Structure formats: C-alpha cells, structure tokens
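The disulfide bond feature in TrEMBL is assigned to CYS69-CYS133, CYS82-CYS143, CYS113-CYS123, CYS246-CYS256, CYS330-CYS394, CYS343-CYS404, CYS374-CYS384, CYS492-CYS502. The domain 'SRCR' annotation in TrEMBL covers 43-144, 169-280, 305-405, 415-525. The signal peptide feature in TrEMBL is assigned to 1-26.
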Amino acid sequence: MGSCSTWTWQELLVLLSSMWLWVGSAQPTPLGPTHTPGPQLKFRLAGYPRKHNEGRVEVFYNDEWGTICDDDFTLANAHVLCRHLGFVAATGWAHSAKYGKGVGRIWLDNVNCAGGEKSIGDCKHRGWGNSDCSHEEDAGVICKDERIPGFKDSNVIETEQSHVEEVRLRPVVSGARRQLPVTEGIVEVRHKDGWAQICDEGWDSQNSRVICGMMGFPAEKKVNRNFYKLFTERQQLNYRLHSVSCTGTEVHLSMCAFEFYQGNTSAACGAGMPAVVSCVPGPLFATGNAHKKKQRQQQQGQPRIRLKGGAKVGEGRVEVLKSSEWGTICDDRWNLLSASVVCRELGFGSAKEALTGARMGQGMGPIHMNEVQCLGTEKSLWSCPFKNITQEDCKHTEDAAIRCNIPYMGYENLIRLSGGRSRFEGRVEVAVGAGDGDQLRWGLVCGEGWGTLEAMVACRQLGLGFANHGLQETWYWDASNVTEMVLSGVKCAGHEMSLSHCQHHGTSLNCRNTGTRFAAGVICSETASDLLLHAPLVQETAYIEDRPLHMLYCAAEENCLSSSARLANWPYGHRRLLRFSSQIHNNGRADFRPKAGRHSWVWHECHRHYHSMDIFTHYDILTPNGTKVAEGHKASFCLEDTECEE
C-alpha cells in the first residue's frame with residue numbers, strides 16, 4: 001500500500017490545523033451573567049478565539065451589556081474583574097480588542113483599581129457610560145485557571161459554600177465500617193474541628209436524594225430508623241442543623257434551605273434523632289465484582305449516552321446516540337441541573353461541575369442537542385426539553401462536559417509510585433493482603449506484558465490522569481526498598497478503576513524476570529492528545545492503482561510499501577496499490593507531539609521532507625473474516641510549527 005504518497009499538502013494542513021486549532025480556539029459561548037454584591041452588575045467573558053478563562057470583559061449595567069475601554073488599564077483592574085468572574089486572580093490583560101470588538105455601550109473608561117476592591121465600581125473611573133473610546137479599544141483579561149470555591153456561574157459551577165462545606169456518611173452497622181463504598185449511615189457535617197449531626201425532624205426523601213447525590217450515588221432508599229434510634233440513644237450527639245428542606249435537584253446540601261442551632265445544643269432535636277440516609281450505588285460501584293457488573297451492563301443493550309475525554313471516572317465530554325450516530329451537546333444554557341441528570345443516568349451522583357467551551361476536548365460528528373434545560377428530576381437527558389441543532393448555532397468548540405460526584409472507594413490508597421522525577425512518574429508499587437486484620441504489604445508489578453492499557457488503569461487509580469507510557473523496565477527508578485514482585489500477568493481492558501479489577505495471575509505469581517529492574521512503571525499526564533482517523537474519508541477517496549515499480553522508489557525508500565515489496569523484481573513489473581486520503585483529528589486536551597525530539601528527525605531525500613516518527617498510522621487490509629492481505633503505514637512529516645530546513 002502506498003499510503004505515503006497519497007497525502008496532499010491540503011490534507012496535511014487539515015490534519016495540522018485540527019491538531020493546533022484546539023489550543024488556539026477553545027471558544028465557549030459568552031458566559032452567563034455572574035452576580036456580584038452590587039445588585040445591578042453582572043459580568044461575562046466574550047470574544048474569539050479564546051479559552052474559558054480569558055476574553056473580552058462585558059459588564060451588565062443599567063439593563064444593558066457593554067464593554068470596558070483599555071485606556072490606563074492595569075493588571076490590578078484585571079484582578080478585580082477576574083474575581084467578579086469567579087477566578088482567583090488575573091495572569092494578564094489584553095488591549096485593542098484582542099478578542100474582537102464588542103457592541104453597544106462602552107460602560108467604563110480610565111479605570112484605575114488598587115487590586116483589592118470588592119467591585120469594579122469601587123475603582124476610580126470616569127463615570128458609568130462616560131468614555132471617549134471606540135470598540136477598537138475594548139479590554140480583555142486572562143484569568144488564572146483556578147476557581148474561587150463556592151463561586152457559581154454558568155461556565156464552571158463549584159458547589160461548596162462556606163457555611164456547610166464537608167458532608168459525610170458515618171456507617172454504624174457492624175461490618176459495614178470496612179466495606180467501601182459507604183452507602184448508609186448518619187449524615188454529618190464538618191463543624192470546627194469535628195463532625196456534627198443534623199436533626200431529622202421533617203426530613204424527607206428529597207433531602208436524602210441530595211445527600212446521596214453528593215456522596216456519588218444516583219438514588220436513595222428507605223432506611224430502618226428504629227435501629228438507628230436505639231443506637232444513637234446511647235451516644236453523645238452534637239446537633240448543628242435542623243429544618244432541612246431540599247427540593248431534590250440541588251447538587252449540594254448548602255443549596256437547600258436549613259437553619260443552624262444557636263447557643264447550647266444539648267436539648268436540641270427533642271422529638272427527633274440524627275438524620276440517617278441509605279443510598280443505592282450505581283452499577284459500577286455496587287459491591288461484588290465490578291468487572292462482571294460492567295459486562296452485565298453492556299449486555300443489557302447499548303446505552304444512549306456516554307462520557308469521553310475525561311481522565312477520571314465520572315467526568316468527560318457528554319456524547320449522545322441519535323439515529324445510530326454518536327454526537328455531542330452544545331453548551332448554550334448548559335448548567336448543573338442538566339449535568340446532574342446525565343450523572344445520575346450514568347450511575348453516578350449529582351454533578352460537581354457543568355463545563356462549557358470543550359473543556360474535555362472537542363468531539364467529532366454531529367451536535368445533537370442545544371439549549372438543554374432539565375428540571376433536574378428527569379430520569380434521562382432525553383426527557384429534558386432541548387433544541388435540535390442547526391450548523392450555524394454551534395461548533396465543537398462549544399461541546400458540553402461534566403464532572404460528577406463519585407463514591408469514595410479508597411483505590412488510590414492501594415497504589416503508589418517510587419523513584420520518578422515528578423509525582424507523575426515512577427515504578428508502580430501495589431498493596432496486597434488487605435484482608436480482615438491483615439497488614440498491608442507493598443510489592444512490585446511484573447513488567448511482562450505491561451503496556452498502555454495497564455498504565456491507563458494505574459494512572460486513573462493514582463488520580464494522575466492519562467497514561468503517557470507504560471514501561472516494562474524501570475532500572476533507572478531504583479529508589480525504593482520494596483523489592484518483592486507481588487502481581488504478574490496483569491491484563492486490563494482500559495476502563496477499570498483499579499489494577500485489582502484487571503485480569504492477573506492472583507497469588508500464583510508467574511514472572512520470568514523477577515529482578516526489580518523488570519518491574520512495571522508509568523508516566524502519567526493530566527491531559528493527553530486523542531487522535532481519531534476520519535474513517536468515512538478513507539472510504540470515499542479510496543481507489544486501486546497499478547503503478548510501475550520504477551515509479552515507487554520513493555515509497556520504498558520511506559518504507560511505505562507492504563513488506564512483500566522487498567521480494568519484487570525491481571525495477572521491472574508493477575504493484576497494485578490501494579490509495580486514499582486520510583484526515584486525523586485530535587479530539588484530546590493536549591497537542592500531539594512526536595516522541596522524538598526535532599534533532600533526531602530523519603531527512604528523506606526523495607520527497608525532501610523530514611519524518612518525525614517512523615510510523616504514525618498503520619493501515620491493514622483485512623478480508624471479511626479478518627485475514628490480513630496487505631498492509632501499509634503513514635510516517636509523519638514535520639508536525640511542529642517550525643520551518644523545516646531545506
């Protein structure tokens with residue numbers, strides 16, 4: 001197959017632009033309004049191209065959106081504005097309408113903040129609406145990508161608020177203490193240095209639903225109050241909240257109505273007892289073998305909704321199946337209520353964040369839904385009101401994503417890395433013997449057969465994101481006193497939450513090389529590229545060509561022909577080639593870069609270009625029963641935005 005010679009520069013540019021565009025143009029819709037202490041002021045970021053934490057600043061004043069002029073603009077102004085927008089600080093600002101010209105009023109000019117002001121209105125300025133600027137001078141800000149805890153807006157919505165931040169379920173049933181996840185127990189809220197209870201007078205299933213959602217569970221169930229009443233009568237209690245009243249759609253207890261106990265609480269909650277909740281775990285977290293559960297789930301018919309592009313369980317770009325084609329959701333009006341419906345539908349709890357602006361990477365294919373407006377009570381996203389999409393409305397730079405609350409499983413306590421240069425890399429050490437009363441024993445994993453899928457699971461279990469590499473030898477990371485191999489034959493499918501869920505040899509260790517240098521290692525990364533071949537284009541453009549061998553020297557020099565070409569009678573005769581165009585999209589959250597540095601790229605005289613990798617894509621031709629009849633591959637050209645030397 002002569003796939004090398006079928007790439008035209010236009011196609012290459014499409015591929016390159018798809019790899020670079022994501023970085024430059026992750027462009028959400030203008031953010032929804034953000035309330036500030038002043039009753040009439042709201043703020044949003046707008047413009048193009050931009051990321052979610054930068055843009056032209058727009059202010060809503062006197063019932064009208066307008067911009068801010070860049071005259072005398074400083075970083076201190078940007079700090080105040082970024083805090084209005086829910087970010088902790090600014091890292092920069094932009095002048096001369098870098099993010100495009102706004103429309104309407106220019107509300108502020110010659111703004112001069114010290115940096116500590118609560119509101120932009122408290123800074124010195126010429127007065128609202130008094131400006132000598134044009135929209136060519138619209139100011140923009142670049143905010144630090146870190147949210148103020150508890151800040152709510154339509155772009156990223158965090159849910160902890162200062163007065164009730166941490167909530168936990170304390171199990172009391174014997175034997176239940178050891179087993180994770182904890183699905184039933186007394187609801188407790190963090191108070192000063194300890195934990196306090198909630199009085200259950202007036203407590204109902206909607207309150208329980210909110211607590212279960214926070215704990216990572218999709219639903220609640222009835223609980224035996226009498227058992228707990230007996231148990232709590234013998235205990236010293238410290239009540240903090242009472243009269244809790246949730247509607248059931250809140251994503252955090254702090255968003256419900258409730259009252260605090262004041263003063264001495266020894267006589268509090270006379271007729272009641274501590275609130276107790278029992279939750280139903282989703283299929284992934286039901287106790288028992290998670291691997292078998294997953295298989296059972298898959299046999300029950302194909303789901304119509306899935307998450308893609310997330311490093312952790314319960315996060316990702318939302319994709320829906322419509323007329324047998326997977327597509328994405330546009331982020332217009334995307335909020336926590338809709339995100340929670342998706343989370344619960346997938347077997348997780350309520351939503352922790354509703355993400356806009358393709359924060360989890362851009363999808364491919366159609367955009368199936370826009371302006372989704374769930375009430376929060378729906379069983380499925382398909383039951384929510386939404387608009388069908390027209391091409392002009394949305395682009396994949398506006399793909400909606402979510403982060404869900406998931407149950408605490410403690411998997412990250414059973415794995416660690418040693419010897420790496422940063423916390424993201426190292427030799428894998430796992431804890432075994434976590435039976436009742438057993439002391440945990442740390443050991444190594446046999447490197448035989450260890451690859452990317454196993455590394456993906458290890459990085460996920462560690463909470464370190466995606467796998468960059470799975471390494472079968474780690475002699476250069478010899479820094480730990482752990483020397484015993486305890487796990488071998490690890491074979492993962494890639495979706496597991498813990499290495500213990502993958503197939504392995506169990507207690508009967510079977511490893512050819514048990515020396516520490518042959519222990520498995522990983523290099524993890526918070527973001528990763530995700531390359532997808534645009535398959536329809538291959539089908540549409542493929543054709544067969546008979547080409548004389550003397551015209552294929554270049555393809556041979558670049559090692560692009562099928563391996564059988566070496567046996568041909570050069571330069572006589574011909575070869576039959578399947579030729580096609582290909583386009584590869586980067587759907588991930590990081591640039592794709594060749595592993596080899598630029599200094600080691602290979603110059604190919606024939607086509608006069610560099611190859612940054614030996615092989616970028618493999619193409620095999622199979623018969624319908626799966627027998628390989630021919631193969632070819634694509635080597636990559638210069639993929640970085642540099643001038644290739646002649």
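The backbone N, Cα and C atoms fix where each Cβ goes, glycine too.
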For CYS492 (disulfide bond), the number of other Cβ atoms found within 10 Å of its own Cβ: 24
Alpha-carbon distance [CYS343 (disulfide bond); CYS384 (disulfide bond)] in Å: 14
Distance, CYS69 (disulfide bond) to CYS123 (disulfide bond) (CA atoms, angstrom): 14
Cβ packing number for CYS502 (disulfide bond), 10 Å threshold: 19
Disulfide-bonded residues compared (CYS69, CYS82, CYS343, CYS374, CYS384) - highest count of Cβ atoms within 10 Å: CYS343
Distance, CYS404 (disulfide bond) to CYS502 (disulfide bond) (CA atoms, angstrom): 24
Cα-proximity to CYS69 (disulfide bond), 10 Å cut-off, over disulfide-bonded residues CYS113, CYS330, CYS374, CYS404: none
CB within-chain contacts under 8 A for CYS394 (disulfide bond), separation at least 6: CYS330, ASP331, ASP332, ILE367, ASN370
Rounded distance in angstrom between the Cα atoms of CYS133 (disulfide bond) and CYS82 (disulfide bond): 22
Under 8 Å by Cβ from CYS256 (disulfide bond), same chain, sequence gap 6 or more: ASN207, VAL210, VAL244, SER245, CYS246, THR247, GLU250
Top Cα neighbour of CYS113 (disulfide bond) in the set of disulfide-bonded residues CYS143, CYS374, CYS404, CYS492: CYS143
Listed in sequence order, residues with CB under 8 A of CYS404 (disulfide bond) and six or more positions away: GLY216, GLY314, GLU315, ALA339, VAL342, CYS343, LEU346, PHE348, GLY349, SER350, ALA351, LYS352
Lowest local Cβ density among CYS113, CYS143, which the record lists as disulfide-bonded residues, within 10 Å: CYS113
